[in-house]
Structure formats: structure tokens, C-alpha cells
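Quick look at what TrEMBL lists:
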type     : residues                                                             : note
ACT_SITE : B:HIS480                                                             : active site, tele-phosphohistidine intermediate
ACT_SITE : B:CYS856                                                             : active site, proton donor
BINDING  : B:ARG586, B:ARG642, B:GLU770, B:GLY791, B:THR792, B:ASN793, B:ASP794 : substrate binding site
BINDING  : B:GLU770, B:ASP794                                                   : Mg(2+) binding site
DOMAIN   : B:91-316                                                             : domain 'Pyruvate phosphate dikinase AMP/ATP-binding'
DOMAIN   : B:328-382                                                            : domain 'Pyruvate phosphate dikinase AMP/ATP-binding'
DOMAIN   : B:448-528                                                            : domain 'PEP-utilising enzyme mobile'
DOMAIN   : B:544-895                                                            : domain 'PEP-utilising enzyme C-terminal'
Protein chains: 2
Amino acid sequence: MGHKFLDFLNVTRYIEIAANSMTHWRNSMFNLTYAFAEGNKDLRDILGGKGANLSEMTNLGLPVPQGFVVSTVACRAYLKAHELTDDLVTEIRSRVSDLETVTGKTFGHGADPLLVSVRSGAKFSMPGMMDTILNLGLNDVTVQRVAQRTENLAFAYGSYRRLIQMFGNVVFEIDIKDFNEASHKVENVRGYGSANFTRQDWLLVIEQYKQVFQAQAGQEFPQDVYDQLFIAVEAVFKSWDNDRAKVYRQLHNIPDDLGTAVNIQQMVFGNYSKDSGTGVMFTRNPATGAPGLFGEYLSQAQGEDIVSGARTPDPIANLEASKPQVYQQLKTIAEKLEKHYQDMQDVEFTVEDNHLYMLQTRNGKRTPNAAVNIAYDLYEEKLISAQEMISRIEPGMIEQLLHPSFLASDLAKHDSIASGLPASPGAATGEVIFTAQGAKVAAEKGHHVVLLRNETSPEDIVGMTVSEAVVTSRGGMTSHAAVVARGMGTCCVVGCQDLQVDEAGAVAHYAGGVLKEGDIISVDGTNGKIYLGTIKTTAGSVSDKLNKILAVCDKYARLQVFGNGETVKDIREAIVKGARGIGLARTEHMFFQPDRLKAMRQLILAENDADITSTLAYIKGEQKGDFVAMFETLLDKPCTIRLLDPPLHEFLPTKEADLQQLAQSIHKDYNWVAAKAAALREVNPMLGLRGVRLAVTLPQIYQMQVEAIIEAAILVSEAHQVNIIPEIMIPLIGVTPELEMAKKLCVDAAEGIFEKTGKRLDYKVGTMIEMPRACLIADELAQDADFFSFGTNDLTQLTFGYSRDDAHKFLPTYLEDHLLPNDPFQVLDTKGVGALMNMAATKGKAANPKLKVGVCGEVGGNAESIEFINTLPVDYVSCSPFRVPQARLICAQTQLRQEAEKNGVEYKASSVTA
Amino acid sequence: MGHKFLDFLNVTRYIEIAANSMTHWRNSMFNLTYAFAEGNKDLRDILGGKGANLSEMTNLGLPVPQGFVVSTVACRAYLKAHELTDDLVTEIRSRVSDLETVTGKTFGHGADPLLVSVRSGAKFSMPGMMDTILNLGLNDVTVQRVAQRTENLAFAYGSYRRLIQMFGNVVFEIDIKDFNEASHKVENVRGYGSANFTRQDWLLVIEQYKQVFQAQAGQEFPQDVYDQLFIAVEAVFKSWDNDRAKVYRQLHNIPDDLGTAVNIQQMVFGNYSKDSGTGVMFTRNPATGAPGLFGEYLSQAQGEDIVSGARTPDPIANLEASKPQVYQQLKTIAEKLEKHYQDMQDVEFTVEDNHLYMLQTRNGKRTPNAAVNIAYDLYEEKLISAQEMISRIEPGMIEQLLHPSFLASDLAKHDSIASGLPASPGAATGEVIFTAQGAKVAAEKGHHVVLLRNETSPEDIVGMTVSEAVVTSRGGMTSHAAVVARGMGTCCVVGCQDLQVDEAGAVAHYAGGVLKEGDIISVDGTNGKIYLGTIKTTAGSVSDKLNKILAVCDKYARLQVFGNGETVKDIREAIVKGARGIGLARTEHMFFQPDRLKAMRQLILAENDADITSTLAYIKGEQKGDFVAMFETLLDKPCTIRLLDPPLHEFLPTKEADLQQLAQSIHKDYNWVAAKAAALREVNPMLGLRGVRLAVTLPQIYQMQVEAIIEAAILVSEAHQVNIIPEIMIPLIGVTPELEMAKKLCVDAAEGIFEKTGKRLDYKVGTMIEMPRACLIADELAQDADFFSFGTNDLTQLTFGYSRDDAHKFLPTYLEDHLLPNDPFQVLDTKGVGALMNMAATKGKAANPKLKVGVCGEVGGNAESIEFINTLPVDYVSCSPFRVPQARLICAQTQLRQEAEKNGVEYKASSVTA
């Protein structure tokens, strides 16, 4: 080999030979085999990712050891028939013969026998899941020829030994250790290592290997090289259905019926000489996105040696000094590949006696941070368009960038002790507690808690709500723990089988240790890993380049993105994250500070109008202060303020002791207070006296709120010389006269202030659309509304008849049994809730073309939901500030995708995060 | 007069004269005046009821004293202008002149002066609400002429005296007592009664009357007879807007802008001689409907004397002996009127010197019982068609007939002490209690309670639920008490201002007495009256004739009527009342017997599969027994059985003591039981783990129920040789896979039984449609359903977002403020809930043409709701057995009305109950 390496001129000839096969290829949409020169990167379905890219590189003129691909078509046929068809056998023989012609070598014969690798390669990368066999073509005879040609006994017999071992392991599941022992036995007997083995020693080793093989496989190691090849191909086909591969596919949503392709390629050897080696390389830094080659090179080794981690490779940069020619060649190829693929590449290569061979290229996996930086850099380098840049960012990346994560420098000091399914992202540290009640007690003492259980049930909610993170040893991505934690935004890892949890004993065992109650662990909900001790976290943030990308997104999106929030902190965060304004400010959140809560309680328990009036005056002062702060933060950015929504009894305590304290503090009789509180309590508070119904029974509250809003708006408008147009939103409207009444109440209150102050400003009055009935009469409501805002949470509750507070009792089962495709509170239900929204938005805009329509609620930040919302006559979505950046991206991607679909163009979704 | 009575030949001439006026009439749609001969019964809008019927009788050739009508058009003009127009004055003068010609008498002049009455007469009868003046045309001169002509001093001057008195009272509101005193003064001075008055005595009386008049009216009694007439007409016009009339109209939903007509008619005198008199008469018995004249006759009296009750009249039957000719004439006229009006008539007449004059006829008010009997008799007598008969029964009549009512014989012994608004029908007796808590305590001791309050609030519910009747002194038909009591079906009277209730003092004052706590009263919720003491009640029932009418109804109705029920008693009642079968049998009601409740609790608290299996086996045995009983009652009548619906925690106690007892009885730890119960409790149980969601989390229950149903059906089918096709209904379906799963569960369970028994029968599986989402995906659901049944209660709860358990906190205010037209749980909301139903029924039938669609829930028995449901592709309604007869009537009436509307024909609704 050393002196007759693959001649690149021969490639041209090979392509010619292959062209003859093209006739066959043209005759059938689904060919069984493809020479690399016949394929291209767009044939991933049939050639798998590896085969498609080897083909593409071949056609780019890059130095690729030649070979051919047995297509997924053949695999699928095999998986049905359970045997290789005669056609396939004939084709493979013919392809090998072509390869012999190109390489000038003979498979199983001759002075320079052809050796090949057999590798799996599915459409979607499934790293390590399926099988590879190297050095096929070696047998008792050809190994001698190779030894003679290369004058390298260790190389030739070492390669043969590796073939027997890999073949035995892959095809007959023989433990690799059993083979290694055979080697060690000879070393022990001889008293020296394999580097010094004589031909006799090697023959003994091979004999030992063959004995291990025969003992466990029940047959001799095949000396017929075609037998080797066909058995290997079958083994790769079968590996599609091994358990590891099945689990991986399930986890990554890869369909089970794709099958894998098989790549049969001439061997090149990084372990051939001192001037040989193997490397993996990214064309940019996959962690940061920084330009420049990034990777590792291992001298005198084959690719598998890097993976095994037995030796530590050098940084790729070292090659610049040690092998400048190879390094320059790599740089040139990297540039060519990036330009061609328009993306950062993850490349595998081998150097055989100073000759560089490309063995693999693919879009490189990268961290979210790198993905953002690379996409923006490529856009700046004019390698990709703005639309393409937008398509390169996954919504999940932004979520990861914004969630707290472990500080990389600190994380490096910790080893993961266990790993499970990443059910709800984030990173958190706390003390292990095994019961919900215990978690509650610890949290009440101010401790940070990680709730660790085999699985959670509805009784555990009390503990989950106070925990920094939730970990379970059982259950999947739709288990109770997973669903509830995601709903609460709590970091969560489920199905963490590495932990044996003994709840009663309050201990958990893992390989190498025990967790006891109170032990500190750190949980990464983004990758599912558990660590011992405290790891510093870093708060997520929007980087400069991400900001620039999102600004581009805003240009392409149809839906505007607003934030939900009422505190100055939240409002500021929403604006910083790019919200156009505030789409939902919930005024009830402002009442829960101690002083105000007391006033609110006095109001609810007032016995006469004088009490009501004086209490409202106090609350109004406070509210006005809130609104001033809001408007000062927002200035002329729009703000939709929702009037009081929850049932009044939510402001009252429920426990006897608390009620007693309340009675004392407001100088009332306990029994009276208790009776009043009991009378306010409701069987189904979600369907009770709340929202606009409060305005019907106690109109003074809304009046007070509107006055406070208008007064605050006038004040800030004048002080800052900005044009503030407050948007007042009435919740829970179900019948038209309610809205008429509430609107009149608002208008009267506002006019009252205008008269009193002699000043005037524009304002809007609109309504939440959250009752199914509101959707059905939206045309009527639109007459009286400046805007609609869909309250998808309540609308979902009512459309399904699911209480958000109680659905955790059955939703997990529904998801596990596939009765529901998703948690409808996380992903908008398009058939039911969505149909009502479509009806309402369409009717509303038809009746009042000036009507502004939005969606507030968490689905406003969810990709699948926005996908649907973007098809409705809706103008904006409003979500929590945290989700605003993600929503901006999704709105742009959705619009671009739907435009592309309308134009019959395929829209590429990116999936390259590590 | 005596010798020149109205000559009937003259009527013909009068008609001729009137014909001249017809030219004028033809020129204008709205004439100011109409001679009787110009009018007819269909001109009630313009002539009022009395005028229209006087016209009709005139044209029928009946003996009617002639006259004319000043129309409502003139009244409406007057009420705007506040004065009589010149046109009207001219027309009235001309009409009087025509009348002079017909009668041969002169108004205010001549030997035989014309005397007339002036009576109000609106479109809708408003008895006693407006004013009448008799004997107009008498003055100091004409009274002498009448005295001379009639040779009856007392008659002439008595009539004059009555004129001054009525005129003074009606026009100037002078107290009648003041006039009476003047008469008594003269009697006292003379020492003898008015029967013996001389001419001088009479002149003195008149003088005194005129003085009273002048003193209080501030002007002399008008001697110009036209002045008398015009002032009287004005007074009647004005009386339309007096306070009594306004209140009456509000109460009876009569529009305020109709105005009244004025009837000016030649006087006839029942007080003229011994052969004179006056009578009121029904052409059939208005209490029972029995054929034959029914009424009273008062000799030597005018109509007003009967009304005043000063003398006791004779039964009309006495006339047969005393005045056979008049009696025969009355009989003939009655027959003629019934034939002409096709209904029982309420008639007023006067006999003047053995001559009969008809003064009024109208459709007679009658009891519900009479209404039913008369309608059926008229149909049998072929006076009216089947459709007409159906239109004659009001749904409310049937409700009244079926509600318990006070036994007439016992009722007669009691005087009403107070009266209010009849808010919820029924009749009940109990001891007065003034607080909800007190009512609860008394009821727990086994007392029958009437809760008496100024008004009720949500805190009073606990007391209302245990009371036989609820009475409030304040509030209207939509007050809290009214709405809640109607919802509960509890007898209720509200706004009973005759009672001054002192809740704190636990007493209530009424005119003439005091009610103390514990006093027994009887309450009639059907007419709003309150009585002292116990009155025996009679249970309502469907009479033979009503049954026959309803059988005719079933032929004309499009919607079939089913009953809701699960006990043998209820099912039997439904069938007796004419239900086609059972549309909703709620299986959960079967679990509340002590033994079964205990088993159910054991099931809910089971700790392992063995416990579940053994408990279910017990429950299955019981359930099977239930179903056998049901099928044996129904035989081949269809029965829709709904599988378990409510949340499981409804079966568990909530109080600590009860939980402790439960723990003991099932040998479990109290804390464990309490924790389990707490975990099952829900924030919004209406939206929680119930219905089909139970089948998802605990499928064994539905499986057990289906097995019990199928086994029972097989058993009864064989024993009675009938074809039973059980219909199994799944509640709370919201997503398609739920129904697929539940249906499979049913099919598997049924097939299991078929296999085990070797027997087989047909059965159906369908679903409740009660989630808004179910309506939106009805096309999908219809693929898997044999039938849909709208659960309007839950559908209304979810569409509006109203909890039935809590809505009483705001629904009354909503109704009072006209934010809602009706309680949507009583009357179907067509715009919201109805729109969803329309969508679901239409989509469902399109997707599955064999789909049977029904409505169960209380709106299924409500007229307005059926009116709408009949327009949907719905096949049947199902309501409580009590409401089945009413629903059968309403379904027929609705169908007939809608057919008539489609054909552009007016459909007459009847309203004749007393």
C-alpha cells in the first residue's frame, strides 16, 4: 500500500465506470447500490448522511477513498425478507469489481489485496448506535501479502486481528475483552509486547483469536472475503433494529421505518506509519462559534482510537507546525466545504503516509451559543441569506441560552453521577429531599430543595412547587413529574435510572455512592445530568449577535411579539428582550403586598359604603403609583392593562389561625369574618364570581382602577412629553351587555378624570376572549371593543373542561396513552381551541376592521402554537418576558415557512445543536 | 224609555248611516272613531277588546245597545298632545248625531233624551284598572224629561245622582263617600230612605251632590251634555297612565304605548224595573270546563252592583224558571257566540224590562283543568281542529296541573293573609323560620319549614334547600330567591310586600296579624298567595282528556320526548306521562344507597388489584339488579344509560368525624384515609377527574358497568321475549381518542359477555356532547358514535364559564340588570350554547347520517328552548318525568308554529287561564 496509494487520477476513471451503472440507476427511482460518484448530498434518504456526504465530497474533487453505498432501499428490503436478495449480491459483487478496477487492487487476492470498511450510515445521524467493521478482505492468505507489500508485520497482523475482533463482536456479539485476553496471554507467555511480536507470535495470536471466534460463534472465521462482506452488510442492516438504536430513535423522534445505508469503502490507514494519523475537526469552534479550525489529531492511529480515548490526541493546530502541507490542505478543504455546504462542518480525516483522505463531512453539532454566532457570522460573510440565518436558529437554543446554566468553568470540576431524560430545562442546586412534605418543611426554613422521588403523583405538587429542581428515577418525558415541572418552569430530570431511590429509607444509590437526605446535588434539566455538590450557575442572556438576528427576525415576522408583565422589573426585561410593549399587565398581582392585601381584605369585608369608599381611595393611590411606574418604564410603548380578574376569596386566608389574625387586625368578630370568607368560597372558583362579574356586583373596583390608570397616564404623558394611549382590558366577557356595561363604566370613569383635571388623552377599551361563548358572539363584542386578546389558558380550560389546577390527575395518563398529542396548556389545541379562536378573530375583524387581535398566555411563546396562530387574522402574541426572544424567532420562522409553502418551496429546518 | 226601547230594526238603518262614514274610514288606515257596525273582532288593536267584540256582536245580529268607539289611535294622539283635537271633537259630535238618528232620541234635549255610557277598553283586558262613567246626557233639564217619560222619579234622579258621583270621582278624584254622606244627610233629615223620596227630596239631594262637586272640583257640574262627554273621554284617555294601570301593565308585560279605546254606548238599565236586571255568564263552567251556562244574575241592578258585592246574585240557572224566554235567548246566543268564536265565552248582559241586551263578550278565562277539558270538548264537538286544540293548551297549565296544589275544598276555608309574586309554582305548608340556619336545624328535626326573609343571599342556600317553600318580602321574579328556588323546584313567593318581616325579631306583620317563628303557613307558588294554617294539597296528575290531547300532540310533533330517570319509580312515571323511553339514566345515582356507597368507598380506597376486583364484583351484582329492574319496566322501550360521571371524591365524606367513621368501618388508618380523600379533592371538581377521564385512569369501573348492562339486557330479553337494545352513553368526551378508547372498552366488555354466555344482542354506544370541544370535533366523534346526547347543563357551564354551584352569586344581578335575558340553565342560550349545538348536530349528522341526536337536561322541557331545538337536526329531547307532558305539548306547538311561519300563516297562541 505504502507506495501505491489511491491515485486521484483514477477517480476520474472510476467515475466513468460508474457512469455505466447510471443507466441502471436512471431506470429505477430506488437503486440498491450507488457508487460515491453517483450520489450527492441531497440523496440522504437513500444513501444515508455519511454516504451522501462522501458522494458530495467525491464530486467536489476532494480526496475521498472510493467506494459505494448499499442504499436504505436495500436495507428496508432486507428487514422485510431477512435475507440478501440475489440482485443485491450480484450488484455488490459488481461494485467491488468496479472498485478493484479503480484501485488496481483485488479483493481477496493478488499482491496488493483490496481492503474495505463497512459502515452504517442512516439518514439521521445516530452516533455509536450502529455497527462498523474495518479491514474486510484480510484472511490467512491476504494478510501475508499485505505484510509483504508493507514490510510491516505488526500493521498487517494487527489489522487482521482487529478484523477478527470487530467481526466477532459485531456479528456474533462476542465480548471484546475475550479477544484482548487472547492477546495478553501471548504477551504474557512471550514476556514482551505486541510491538516486538515475531511472525510466529502473530500467527499464534491470530490462531487464539480464531479459537475465541469459533468457540463463541459456533463456526470458523470466514476466509472467503465475499462471505466476510455479505455477513458484514447483513450485520449492519440488522443493527438498525438493535435495542440501543430503537431507544435512540424514540428519543429523537426518528421514524423506525427508514433503515440504514451501508458504506463500503476502500481502507486507508492512519496507523500505517509515523507519518500517518487520524483526526476529527470542526471548521469553526463548535462551543463558541469562533472562526478557525478546531479539532484533534492522533498520530499513528485509526478513527476508532480517538473515540476509545485510550490515547490523548493533539490539538489540530499542532499540525500547522508538524505537517504544514496537510494543515494547509485541511484549511483549503474546510473553506471549500463551508462555502459548499454554507455551514460549519464536522469533518473526519485520515493521513496515510502524509497523504490526506477525507472520510466524513457533515454539518457540525454546536452549542446554542455557537449556533447563534456561526449563523450570524455566515450571514455577515454573505455565505447565507437573512432568511437562511433565521432558519439556522432553533427556538430551543434560545430557551437554553436564556435558562440559567452551570458555569462551564465550575462544571468542569464536577463529574456527573447520574443521567436521565431532560424533562424541563434549567440548572439548579439544592439539598436532596425524598418527600413532598419534607420539601415543604425544608423550603419553609429557607433551604433550596431538590425533590428526588421514584415518580411523582398529584399529592407531591405541594413539594414540587417549592423545589428548585425535581428528579425522578422512573417515568418518561410525559410522566407526571415532567408535565407538571414543565408547566411550572421548574428544572426537571426524569427516568434517571442511574439512581436507585429508596423513598422510605430516604437514600438513593448510584454507581459509586449514596445520596442521603440533605446532601447537595446539582441538576441540569437541559441535558439530564446530575452532579454532586454545588455548581455555580450563570443567568442566561441575549447576546449581541442574537439580538442582531432577532432584529432581522422582526423584519420578516408578521406577528408582533409583546410581553406579559406588570412589575417594573418584568416590563424592563420584556423591553430589553425586544417586546414591542406589554400585552398583558395583570393588576391583581399588585394587590399581594402586605399593606395592599390588608386593604383589599378590608374592602372585601366592608360593611358599608363609607368603608368601601375609604379603602378604595387608599388602594387607588397605590395602584396609581404602580401605573405611573409602568408608564415611566414603557413611555410610548403600548401597554394593555387587565382589570381585576380573580375571585375575591383568593385575597382571603383559609386557615382558621390566619382568619383569626385577620379578624383581629381589622377589628372584626372572628365568627363574622369566618362566615363571610366561607360565603365567598366557591365550589368551582374558576367558574365563579370573578372577572367582569365583579364589575357587575361591585362596580367600584373597576371604576377605581380605570381612574388610577387614566390619572397615571396623564401624569406621565405630561412629565415625559410622550403620547401614552392606555389600553384597558376587561376580563371574562361572555355576553354582549357585560361588555357594554363595563365599557360604559370605563368611559364614565375616564371622562370623570378628564373633567376633573381638564386634561384628556386617548385610551382604548378591549376585552379578553377566554370564554367559548365570547368566541361565538365575537361579531357582537367587536362592535364595542378596540381590541381582543385571547386568554388561551382559560379558553383551553373551558373548551376541554379541564381545570389547570386539577388536570395533573389525568393529563399525564392522557399523554402516555396518546389520547392527547400534547399538553394543551403548553401547545395550543388547534382543532378545538384554535377553531374557536379562528371563528372569533375572523368574525371580530369582519365586524370591526380596526379591531386589534392578540394572544396572551404561555402558548404565545410556543412554536407549534405560533405556527397555527400565524394562519389566523391575529396581529400579535404576548408571552412572558423570558419567552419573548424565542417568540420573535418563531414568528419569523413561521412566517417564512408558511410563505415558502405557499410558493411551493421546501423550508429547511435546522437541527445542529450538540 | 220604557215604551220606546231600542228598536232592532233601527240597527239596520244605523248600519246604513254608518256606511256613509266608511268612505272616511277607507281613506285612512287609522280612523279616530268607529261605529260598532263598522268594526269587527280582529280590530282589537284599534278598538280595544270590548269595542271589537261589541262590533262583532252587532254584526252577528245580537241585541247590542248601539254606540261607537273612539279608537286607540285617538288616545295615543291625545296622550301626546294632551288635548282633544278639533277633528276628534267634530267626529264625536257627528257620531252622536248618527246615534240620535238610530235611537230616535236626542242627546241633551227632547222628550226622550239620549243617555250614554263611556267605558275604557284596551287591546288587552285590564280589569278595574281604568274608568267608566254611566248616564252621561243627564242634566237638570233632561232628568225631568226622563222622570216624565219613565214615570219613575227614583230611577231618573237616582241615575242623575250616580252620574254626578261617577263623574266627580273619575274626573276629579272626589271620594265617593263624600257624595254618599250627602244622600244620607237628606235621608236623616227626612227620616225615610231614598225609595220614598219626593221630587223635592231628590232636588235637594242633587243640589247637595252638586255642592260637593263644586267644592272639590272647583267648578260647577257641567250642564252641557257635550262638555260631559268630552271631559269623560279625556278622563278615560288619561286613566291609561294612572299608577294602577302602569303597575298592572308592567306585571302583565303589556306595552305602555298601546293606549285605550273609549266605548260610547247607549245606556240600558238593569235597575229600571222589577223585570230588569244584570248578569255575567260563562258559556261553560270556567273551573271544570263542563258544558252549560254558568254565571250569576242580579235582579234590578246595574253591572257595577254585581261587582261591588253589596247584594248576592242568583245562579244563572234560576233564570230558567223566573224568565224562561230570556234564559232561552241567552242559551241561543251562547251557542251562537261559541260557534262564532270557537271558544268558551265570558259574557255580560243586561235585561231592561224583559228585553235582553248583550254588553260584552270575550274568550273566558278558565282554570288549567277547564282549559284542557274545553279544548278537548270543542275538538270532539268539531268546533275546532286538532291543531287549534293543541294551540289552546298553555305549557304553564300543564305545569300547574302537575304541581301539587291546595285542595279546593280545603282552600275555601282559608283566607289569604298576603300575596306576592308567584316565583316558583307549587303548594306547600310548613312552620315559619326566619333564618337559613334555623331552617336547617328545624328541618334536621324533621319539621316542614317555610323560610321567610326580606330577601335571600347566597348564604341562605343551606336553608333554602331544606325548606318546603321560600317567601321573601322584597325582590322580583329574577331576585336571588326566585332564581334559586326555581332552579331547585321549590315553591316560592317573592316581593310579598303585604308582610313586614323583622328577621332579627323573628316576626312578620301583616294586615291584621303577626307571624311568629314556628307559626304554620301555607304558600301557593302558583298564584303568589299566603294562608294561615295547614291546607291539604292534592298531587297533580294527567287527566284522561289531557292524555288524549297529548296523544294528538305526539302526532304533530317532530321532536320525540324521552324522560330522564333511573329508579323504577321515575321510569314508570316517565312512561305513564308519555315518554317514548328513557333518554338519560344516570348510573351514579345508584351508588348512594348505604351498602353500595360503602363498596364504592372501598373501591376508591383500594390498595391493590385484588381489593378492586372483589369490590367491583359486589358492585356489579348490585348494578345488574338495577339494570334488570330498569329493563323489566321499560321492556322494548329504548333506554340510554350513562356510565359513571361524577368525580370519585363525591363518594367520600369531607368531615373529619365521617372520615374517621369510614376509616374504622373499612379497617384502615384514619390518617391514610384522610390523606387519600384530600388528594382526591379538587380545586374545580366540575373540570376535574370525572366522566370518561375515570375510564382512562381506572377502566375497570366502566367495564363492570357495561358487563352489568349487557348481562341484564340478555336476562330480561329472554325472560320477557322482547328485543332490548341497550344504549350505552360515555360522558364528558372532549377528544376523539377518548371515545375510541371508551368504545373499545365497551365493545370488549360486551363481547366478553357474549362469549361467556353464548348469547348476543344489539347494543349502541354513544356520547354525551357537553364539552365545547366536543361540538367543534363532532364530525370526528360521529364516526364512532351511534348517538349524541347534548348535556346542556355542562355545556352551558363551560360555554359561559358559569359554575352551577356558584352562579347564584351573580346570576340574579345579571338578570335584574338585564345583562342576561334568562337564566341560561333554565332557558337555552341560543346564540352561544345553541350555536355550538347546531354546529355539533349538523356536523355529526353529515359525518354519520344514522346518528341519533338528542338533548337531555332541564332545558329539554322548556318552551323557549324547544322552540330553538326544533330548528336543529335533533331527533328528541329528554327531560325529568314531571316535565314530559309539558314537553310533548311544547314540541307539537313549536312544530305547528314553525310550519305555519314557514307557510306565512300567523300562529295564534292562547292565553285564557284565570
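Just so you know, glycine gets a Cβ as well, placed from its N, Cα and C.
Please treat TrEMBL annotations as automatic predictions, because they have not gone through curation.
Recorded features from TrEMBL, shown on the structure.
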{"residue": "B:HIS480", "record": "active site, tele-phosphohistidine intermediate", "Cβ within 10 Å": "25"}
{"residue": "B:ARG586", "record": "substrate binding site", "Cβ within 10 Å": "18"}
{"residue": "B:ARG642", "record": "substrate binding site", "Cβ within 10 Å": "27"}
{"residue": "B:GLU770", "record": "substrate binding site", "Cβ within 10 Å": "26"}
{"residue": "B:GLY791", "record": "substrate binding site", "Cβ within 10 Å": "26"}
{"residue": "B:THR792", "record": "substrate binding site", "Cβ within 10 Å": "28"}
{"residue": "B:ASN793", "record": "substrate binding site", "Cβ within 10 Å": "16"}
{"residue": "B:ASP794", "record": "substrate binding site", "Cβ within 10 Å": "23"}
{"residue": "B:CYS856", "record": "active site, proton donor", "Cβ within 10 Å": "28"}
Contact call for the domain 'Pyruvate phosphate dikinase AMP/ATP-binding' (B:328-382) against the domain 'Pyruvate phosphate dikinase AMP/ATP-binding' (B:91-316), three or more Cβ pairs under 8 Å: yes
Where B:GLU770 (substrate binding site) falls in three-state DSSP terms: coil
Listed recorded positions (B:HIS480, B:ARG586, B:ARG642, B:ASN793, B:ASP794, B:CYS856) that sit near chain A [CB under 8 A]: B:ASP794
Distance from B:GLU770 (substrate binding site) back to the residue listed as 'active site, tele-phosphohistidine intermediate', taken between C-alpha atoms, in Å: 27
The residue listed as 'active site, proton donor' versus B:THR792 (substrate binding site) - Cα distance in angstrom: 7
Shell of the substrate site beyond B:ARG586, B:ARG642, B:GLU770, B:GLY791, B:THR792, B:ASN793, B:ASP794, same chain only (C-beta within 8 angstroms of their C-beta centre): B:LEU584, B:ASP645, B:PRO731, B:MET768, B:SER789, B:PHE790, B:LEU795, B:CYS856, B:GLY857
Of B:ARG586, B:ARG642, B:GLY791, B:ASN793, B:ASP794, i.e. the binding-site residues, those within 10 Å of B:CYS856 (active site, proton donor) when Cα atoms are compared: B:GLY791, B:ASN793
Largest separation between Cα atoms (Å) of residues that the record links to substrate, namely B:ARG586, B:ARG642, B:GLU770, B:GLY791, B:THR792, B:ASN793, B:ASP794: 15
Model confidence over the domain 'PEP-utilising enzyme mobile' (B:448-528) (mean pLDDT, whole number): 88
Secondary structure content of the domain 'Pyruvate phosphate dikinase AMP/ATP-binding' (B:328-382), with strand meaning DSSP E or B: 27 helix, 18 strand, 10 coil
Tally of DSSP helical, extended and coil residues in the domain 'PEP-utilising enzyme mobile' (B:448-528): 16 helix, 29 strand, 36 coil
Per DSSP, three-state class assigned to B:ASN793 (substrate binding site): helix
